[in-house]
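Student: I am attaching a structure below and will ask some questions about it afterwards.
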Amino acid sequence: MKRTSYVEIVINNKSSHTNTTYTYGVPDGLADQISIGTRVMVPFGKGNRLIEGYVVDDNIDLAAPTFKIKYIQKILDEENLISKKLIELCKWMREEYLCTYIDAVQCVIPTGISYKSDRKIRLRDDYDSMQQMNTKLSDKQNAVVEVLRSYKHITESSLKQMLSFDPSSTIRSLENKNMVILEDHFKKEVNGLTEKIIRISENLNTFEVMGKLKKNAVKQRQILNYLQENGATQWSELRKNLGVSANLIDSLREKGFIDIEIIEKKRDIFGKEEILKDKIFELTDEQNQIIQEVIPFMINLQYQPFLIHGVTGSGKTEVYMQLIGKVVEQSKEAIVLVPEIALTPQMIERFRSRFGNQIAVLHSKLSLGERYDEWNRIKRGEVKIAIGARSAVFAPFDNLGIIIVDEEHEHTYKSEQNPKYHAVEVAEFRCKQHNAVLILGSATPSLESYYKTEKGLYKRLVMETRYNQNKLPDIHIIDMRAELLNGNKSVFSESLHREILKNLEMGEQTILFLNRRGYSTFISCRSCGYVAKCPHCEISLTYHKNNHFLSCHYCGYKQNPPETCPKCGSKYIKYFGTGTEKIEKMTVELFPNARIARLDLDTTSRKGSMEKIIREIKQGKVDILIGTQMIAKGLDFPNVTLVGVIAADMNLNLPEFRAAERTFQLITQVAGRAGRGQRLGRVIVQTYEPEHFAIQASQNHDFVSFYHQEMAMRESFSYPPFSRLVNIMITGEEEADVIKIANEYATELKYELKGIDLSVQDVIFGPGPAALARINQKYRWQIIIKSKAIDQKVIRGIINTIRSDILKKNNVNNVNISIDINPFNML
DNA sequence: AGCACGCCGACT
DNA sequence: GTCGGCGTGCTC
């Protein structure tokens, strides 16, 4: 006799209490269609309501179940939604990042395909006769019945919208009285785009049919005639040309005159724009060497990470493309990650012109439907290459040959939402699974990656020469303290001013970089010291002159600037600090004949505005471009010969251990925008701390010297890569609750870690208020664990257990505990 | 997250 | 008695 088989299922709801797997029975008829990665509907909870679930283990041995077995009700997709390897990845992420199962699963499927329950409700047909026996109803019940009287069917969610109270308990009481009927109904946000194709039924004698049709059936005749003449026709076309309604089509089908076929359509994310054929460049010796170094690993199907340390403009992209070419030749697949797709339109363009429609593009600017289509093209094997931002690392390929991470040091690869994964770590895991090659590329590698090359975990490949033997730009460091002593109070040093003038004369372009948008960074009262702060956050407000308002860059809050001090009533409100908007205004005043553009979040919020500005720069319609870090990455303007860094030390003194690294990276990246064409570029770096090693090293383009100095600092303070950090953030609107939970958590942590004798090498900081103590109405307390233990698993286990214990014990809905493993942002 | 169950006060 | 509000505990 056949034995029932059992599977483990993850339930799709967000509760931390259901962050586990549940054992379900597989009905005999479905056994061969259900395996790891299948998406199913299962009855769940006391009411046995249907809910979506994902099979994560199969062939479970259940000798003597201690609970009542329920059975899978339905399979949701024709093909397994998730591959076995990606389910493995989800399990790894859950342990690595301490996230829930379902958060991990959501990463590997497209957004919007989940089925959410939205039941339909209607009154019983014999409601009125029943009602006479059951006379009295409460006000709420009456309100619900009123609505149901005017609508035959209504979904739970629309009912909720129409009432001023939450009707769920009322619906339940009416159901218990047998007065309403509930029908299961599920909806999802995204569906494949479809089109109906209409054709005359096979073997239909049109002539005969026409005779049988009634005289007044004019429209029906028209349709049949049209189909007779034109053959199978799309419904949209038929409707447009004949102006016919859907009812008519339905009745013709019921009579058996026509057939309707539904085909899937793809949303076209590129429109009709032409793809120019890319020319394949002659490789330099350096590029060739690198490719020859990597290829053997691809051929031998051997997992190996590489770090390509290549100066800006050394032609890394060409290396990527050639390697991908090889992978595709082997009929394997490739993933390319870029920091932020909107900032790298030029790179996407190059990939498209080289590989054409073999590419799928995944990024956040696409609509849900477009993303769904691109995901499906990958899943079905219609494309071989996926290019995109962080989340593209989950592209559902089965046969990966290579993952490339461009600008691997970028912080955008670290997710700030749950699960707080790092795309490079995920890429490592996937490459190991597939015996694939991992390529990390950067001009300024992260310390962690470079450290791994020193340790032999990654192979290091170096590219030192720029294209056409272009030299790296000359970098001049200007001591702004000296400028001040010489009586120059302007934000432009004398030499920057002079060089800009020179560039204007020569007709060459200039970029001015300041990593802060807005006009003034804070406003303050001179008589009492009041500073305008966001009412929801512990942040000072930035003044935006163009729109004349103060705005909070953390929560988006906006208000008008006060005329007088709200605290003491004085008129002496002063505006301090400088943002890109102010730099723009000063540039206009200083260089009245120059054509000036600004590129930051404020000028690029509208769709297409960024592309427009970039086009104008390329066409030489802009002399001076002012921008935030948006301009630092990937942009290639050959006529830019001068870059001015207005305030290089702006982020140097943030309370963050990566501050120096970020500063070095940013200066180097921005400097790389200069001199990409024939002429030598110049960079002027203004700073109040010219002696800082991060700034000194950037002057000589000397990553290695920066690396050694920074590593010495990291080692003496035991910062990564010499330790591993965990940031536990406790947030909530009630400060007292937040503090209470934070204290409880820290006490437990200290006790437990001591218990396993890790206290010697592990240090717990806090609990205490975070550097940004309040954001969006929420108080923020944190605990930081700095650990040198080689095996982090025990520590993570403890962190996780304590969290679930605390959540269970306190039953807190108003306090959130968020755990960030290897955090990038600890403010 | 849902949902049931149990307890309690308010209201017929 | 019955409704509904709220806290508690469970979900294969």
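The backbone N, Cα and C atoms fix where each Cβ goes, glycine too.
In case it's useful when we look at the structure, here is the feature table from TrEMBL:
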type	residues	note
DOMAIN	A:297-463	domain 'Helicase ATP-binding'
BINDING	A:Cys525, A:Cys528, A:Cys565, A:Cys568	Zn(2+) 1 binding site
BINDING	A:Cys534, A:Cys537, A:Cys552, A:Cys555	Zn(2+) 2 binding site
DOMAIN	A:560-714	domain 'Helicase C-terminal'
Student: Do you know offhand how many angstrom separate A:Cys565 (Zn(2+) 1 binding site) and A:Cys552 (Zn(2+) 2 binding site) by C-alpha?
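Tutor: Spelling it out, the Cα of A:Cys565 (Zn(2+) 1 binding site) and the Cα of A:Cys552 (Zn(2+) 2 binding site) are 18 Å apart.
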Student: Please report how many Å separate the Cα atom of A:Cys534 (Zn(2+) 2 binding site) from that of A:Cys568 (Zn(2+) 1 binding site), as a whole number.
Tutor: 18
Student: Reported as an integer number of Å, what is the Cα distance between A:Cys525 (Zn(2+) 1 binding site) and A:Cys555 (Zn(2+) 2 binding site)?
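Tutor: A:Cys525 (Zn(2+) 1 binding site) and A:Cys555 (Zn(2+) 2 binding site) have their Cα atoms 23 Å apart.
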Student: Just going by other Cβ atoms within 10 Å, which of the binding-site residues A:Cys525, A:Cys537, A:Cys565, A:Cys568 has the emptiest spot?
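Tutor: The binding-site residues A:Cys525, A:Cys537, A:Cys565, A:Cys568 were compared, and A:Cys568 has the fewest Cβ atoms within 10 Å.
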Student: Looking only at A:Cys528, A:Cys534, A:Cys552, which of these binding-site residues has the biggest number of Cβ atoms within 10 Å around its Cβ?
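Tutor: Neighbour-count leader: A:Cys534.
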Student: What does DSSP say about A:Cys525 (Zn(2+) 1 binding site): helix, strand or coil?
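Tutor: Looking at the DSSP assignment, A:Cys525 (Zn(2+) 1 binding site) belongs to a strand.
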Student: Whole-number Å only: compute the distance from the Cα of A:Cys552 (Zn(2+) 2 binding site) to the Cα of A:Cys568 (Zn(2+) 1 binding site).
Tutor: 23
Student: Other residues near the Zn(2+) 1 site, CB within 8 A of the CB centroid of A:Cys525, A:Cys528, A:Cys565, A:Cys568?
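Tutor: These residues sit around the Zn(2+) 1 site: A:Arg526, A:Ser527, A:Gly529, A:Tyr530, A:Pro566, A:Lys567, A:Gly569, A:Ser570, A:Tyr572, A:Ile573.
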Student: Within 10 angstroms of the C-beta of A:Cys555 (Zn(2+) 2 binding site), what count of other C-beta atoms is obtained when all protein chains are considered?
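Tutor: The answer is 16.
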Student: Can you name every residue in this chain, apart from A:Cys534, A:Cys537, A:Cys552, A:Cys555, with its Cβ inside 8 Å of the center of the Cβ atoms of the recorded Zn(2+) 2 site?
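Tutor: Close Cβ neighbours, site residues excluded: A:Pro535, A:His536, A:Ile539, A:Leu541, A:His553, A:Tyr554, A:Gly556, A:Tyr557, A:Ile775, A:Asn776.
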Student: Check A:Cys534 (Zn(2+) 2 binding site) against DSSP and tell me helix, strand or coil, would you?
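Tutor: Assignment for A:Cys534 (Zn(2+) 2 binding site) reads coil.
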Student: Rounded to a whole angstrom, what is the C-alpha distance between A:Cys537 (Zn(2+) 2 binding site) and A:Cys568 (Zn(2+) 1 binding site)?
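Tutor: Each residue's Cα considered, A:Cys537 (Zn(2+) 2 binding site) and A:Cys568 (Zn(2+) 1 binding site) end up 22 Å apart.
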Student: State the mean pLDDT for the domain 'Helicase ATP-binding' (A:297-463).
Tutor: 92
Student: What's the CA-CA gap between A:Cys568 (Zn(2+) 1 binding site) and A:Cys555 (Zn(2+) 2 binding site) in angstrom, rounded?
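Tutor: Counting only the Cα atoms, the answer is 27 Å.
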